[in-house]
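Worksheet: the structure to be examined is printed underneath.
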Amino acid sequence: MKKPIPSDPIPCLLSIFTVILLLLDPSLGEPRAQTVQIMCGNQTEHNATIYVPNFVATMENISVQMRNSGFGIAVTGSGLDTNYGLAQCYGDLSSLDCVLCYAEARTVLPQCFPANGGRIFLDGCFMRAENYSFFDEFTGPQDRAFCGNKTQKSTTFEDSAKQALIQAVSNAQNNNGYARAKVAVSGTKNESAYVLADCWKTVNVNACKACLENASQEILGCLPWSEGRALNTGCFMRYSDVDFLNPELGNGSSRGTVIVVVVAVVSSIVVLVVGGIIGAYIWKHRAIQKKRRGSNDAEKLVKTLHDSSLNFKYSTLEKATGSFDEANKLGHGGFGTVYKGVLPDGREIAVKRLFFNNRHRAADFYNEVNIISSVEHKNLVRLLGCSCSGPESLLVYEFLPNKSLDRFIFTEGLVYLHENNKTRIIHRDIKASNILLDSRLRARIADFGLARSFQEDMSHISTAIAGTLGYMAPEYLAHGQLTEKADVYSFGVLLLEIVTGRQNNKSKNAEYLDSLVTIAWKHFQQGKVEELFDPNLTLHNYYHGSNIKNEVLRVVHIGLLCTQEAPSLRPSMSKALQMLAKKNEHLPPPSNPPFIDEKTMELNDTSESPCYPPNGDNSASIATVSHSSFYAR
């Protein structure tokens, strides 16, 4: 009797490919991604605005190299803002284990910020970033031993550990700086001393030898404890009474032959089985297959947009913007450049031309379309449509003639995103350039490329760090934990920028390397907030502007409440809106913002004022403000 063809061959395909992955899985062991120690530099980064994107670019560059070779170096930037990075997995890690270990390292090392450098030792890999070239260094003042303190071993184990260390130092010199050793403990049946030694690939043979010799001497001080590690500038060494080493990856022909045979046999079987299944599938389920096309979110969205009024022809938008003429350029951001356009019916539009054309980046495009098309509010920029079938992806927005926010508050829009939607939305990139003004100077929140949504029952979501330095909340920057309070922090920074007329993290004096938030806090504590007011503010009203002055002081107070270090102490956006609207409501005293210490609190009265740039080019200038200027939009 003929066996029936399975109604859905997908499980069969998944089973086959699972077997293949199990047979050929490069993960042969344990990534050992446990942090041993993190060492941060003792100097503060002088230009945090440039440091973070340079650091991220360096880590991305290294990430590609790590996947290919288990080692990577990269240099990003120039002059004092140059970022140097190095990462290396120890020689016994497989490719996949190496990627996993590096992923952990690059997540933890940013905890050193705002220090301008740092290094992290994990049990499976190492990573370091500095603002100078350190690649040739093999010794330094931070070299140290890290000893276990749980079990003390016998003298026979000590002897075996010493022999294993000597073997590893000797063998590493003839094996590109990497060696492993195992020496049995005499008088025991199954006990041995295990050693791993590895030099960074940037140091030469002599430097590697010197580093490992120093490391072995340091690590001997850990005996008789059962475990010890040497965390040195140019190398890593570890001994243990437990076999922590992964199986040998091997470089001989035997393993290669086995893989070739396995691949050949499995490939033949897979071709036959998959070919039969696919043939039957095409024959019997052609109609079903057509219906299932576009099953993922991105394809569904493309089809929906193509069949709806939201879809624009690429040629129409190209013509509307004058082939993306530079004269029509309105601005640019992290995801694309925005151009002004005029449609054939005379409507003015803003067209965002995205920087990417690949599947990896396309998720951000669909994220922005999904979120902004699902919400509607007077303080949110309206999405008119998009083009996703041409040579590049385009978003079409309503055109707002007054460019970016310079003096208006947009609180109600954020309240709506956080609280009045079925799904809460966090913008993640609230800043002046993402708040646009229409012809009536009504503020609209724009650029939802980084926005994230999450359900009501979630306290936070963990996500890769993205946004603009200076506006990012400290808990998000350090740990990637995202809540609505991250937007509240950004909103507080923006309030302070509006009042002072200067951008966060920009100061003309070297001694004032603090952010605008810390400077505002410092002046608030000492009753000198008026020194921060933008001189372009016209405080004309009763009693020589005293009412307006009190109103501006209140805005600073609310800005500091929104930028408190602890997220739980920051008000919600609805509460911030209430504070701004009800001018007689009592305000609680703000607590410390991030990165405040005693030195930060010192005011130097003889120094030049840090509050304003020497000229208007770098100033977030604010026009004349009347009594009604500061109100929630």
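Note that Cβ sites are derived from N, Cα and C of the backbone, with glycine treated the same way.
Taken from TrEMBL, the feature ATP binding site applies to Lys352. With a 10 A radius on its CB, Lys352 (ATP binding site) counts 26 other CB atoms from all the protein chains.
The compositional bias 'Polar residues' annotation in TrEMBL covers 616-633.
What TrEMBL lists as domain 'Gnk2-homologous' is 33-134 (among others).
Note: the domain 'Gnk2-homologous' (139-244) comprises 34 helix, 32 strand, 40 coil (DSSP; helix = H, G, I, strand = E, B). Residues annotated as domain 'Gnk2-homologous' in TrEMBL: 139-244 (among others).
The feature domain 'Protein kinase' is assigned by TrEMBL to 324-596.
Among the features that TrEMBL reports, region 'Disordered' is placed at 603-633.
The signal peptide annotation in TrEMBL covers 1-29.
Residues or ranges marked as transmembrane segment by TrEMBL: 258-283.
Across the domain 'Gnk2-homologous' (33-134), DSSP assigns 43 helix, 32 strand, 27 coil.
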